[in-house]
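First comes the structure, then the notes that go with it.
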Amino acid sequence: MQYKKPLVVSALAATSLAAYAPKDPWSTLTPSATYKGGITDYSSSFGIAIEAVATSASSVASSKAKRAASQIGDGQVQAATTTAAVSKKSTAAAVSQITDGQVQAAKSTAAAASQISDGQVQAAKSTAAAVSQITDGQVQAAKSTAAAVSQITDGQVQAAKSTAAAVSQITDGQVQAAKSTAAAVSQITDGQVQAAKSTAAAASQISDGQVQAAKSTAAAASQISDGQVQAAKSTAAAASQISDGQVQAAKSTAAAASQISDGQVQATTSTKAAASQITDGQIQASKTTSGASQVSDGQVQATAEVKDANDPVDVVSCNNNSTLSMSLSKGILTDRKGRIGSIVANRQFQFDGPPPQAGAIYAAGWSITPEGNLALGDQDTFYQCLSGDFYNLYDKHIGSQCHEVYLQAIDLIDC
């Protein structure tokens, strides 16, 4: 009987301890300030793209410069120099992560990107010729020829107006454009040599429904009576139109970043995309505005861009096994392996643990701003600093090779 009371007390103590769930110790490693209007919980996984602060400040109506961040295996977060245009749910280069949790990115080139049949985006040499696409998905340039000059009886050298190239269809169902010709040079009675206005080459369509532009040629030069040679006006490339009659602008794409096993975030060498391709095979021009629509009377009208007021993220990118995929819950960032996003002792942003790396400065206090950028406390700017072939990401300026950037949140989709 003398043991009954101590046993009851022990049972009550055990019950109360079981009901108490202590916070993870790293959740207290948070900045004192918070970002006004920032959200600390996001319903789906997302990635980040690097946006240069200097570029963003001068591009309200134009495309923003995007740099894909990557994550390598040790959890380090690093940034790429890939750029992509912004529109409603436009696509951007996703950040990649290597196995150690580092987020990294490689430099990109200015050459236009092509896509082969296995979906790889590769850099091609930039040429003046318009691109076509064959059955394996490669984008190739077509050749163009110049029309011969004609002369009538009074000595004038004239040419008829240039017309759009007719569309042909080969046996596998591909609809392709014939080579376009340049407007011939004409000469009137006072000896002036003049050129007709150039027209846009007709678009071609291959078997997957993709509408592509044929190469437009330069208008021939004209010469007025004082001997000056002048250039004729050229016309803009024709827009593409899908089966429902809508004339649309394309979303821009960029190479997705990867994550290696140590958690570092890296991006493979990528190129600036010349055009993007949506699921119906349509190649569209990169724009920041939404595509135009065509109503039944033939008028082309601009469509209004609709944005969910509760969702600050307006960019999407393809998701794959190496893409940095993060979750945000109660101000704590985790990657797909459950590692904690933190600012470590050297001020670098990377993923470790749990728990975070010993000596970590911040491991909580993350949010997404109303502008769609990742923030830590009340700070929404970070720094990409060159480290060999990649950029590491830091919350402070640590050297001459560092540049201020935003980390824009991007929704990840299966492509």
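Note: Cβ is positioned from N, Cα and C throughout, glycine not excepted.
As written in Swiss-Prot, here are the features:
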- Gln76: site 'Covalent attachment to cell wall glycan' (SITE)
- 92-109: repeat 'PIR1/2/3 2' (REPEAT)
- Gln102: site 'Covalent attachment to cell wall glycan' (SITE)
- Gln120: site 'Covalent attachment to cell wall glycan' (SITE)
- Gln138: site 'Covalent attachment to cell wall glycan' (SITE)
- Gln156: site 'Covalent attachment to cell wall glycan' (SITE)
- 164-181: repeat 'PIR1/2/3 6' (REPEAT)
- Gln174: site 'Covalent attachment to cell wall glycan' (SITE)
- Gln192: site 'Covalent attachment to cell wall glycan' (SITE)
- 200-217: repeat 'PIR1/2/3 8' (REPEAT)
- Gln210: site 'Covalent attachment to cell wall glycan' (SITE)
- 218-235: repeat 'PIR1/2/3 9' (REPEAT)
- Gln228: site 'Covalent attachment to cell wall glycan' (SITE)
- 236-253: repeat 'PIR1/2/3 10' (REPEAT)
- Gln246: site 'Covalent attachment to cell wall glycan' (SITE)
- 254-271: repeat 'PIR1/2/3 11' (REPEAT)
- Gln264: site 'Covalent attachment to cell wall glycan' (SITE)
- 272-288: repeat 'PIR1/2/3 12' (REPEAT)
- 289-307: repeat 'PIR1/2/3 13' (REPEAT)
- Gln299: site 'Covalent attachment to cell wall glycan' (SITE)
- Query: Can you tell me the mean pLDDT for the repeat 'PIR1/2/3 6' (164-181)?
  - Reply: 48
- Gln102 (site 'Covalent attachment to cell wall glycan'), number of other Cβ atoms within 10 Å: 31
- Can you tell me the three-state DSSP label for Gln102 (site 'Covalent attachment to cell wall glycan')? strand
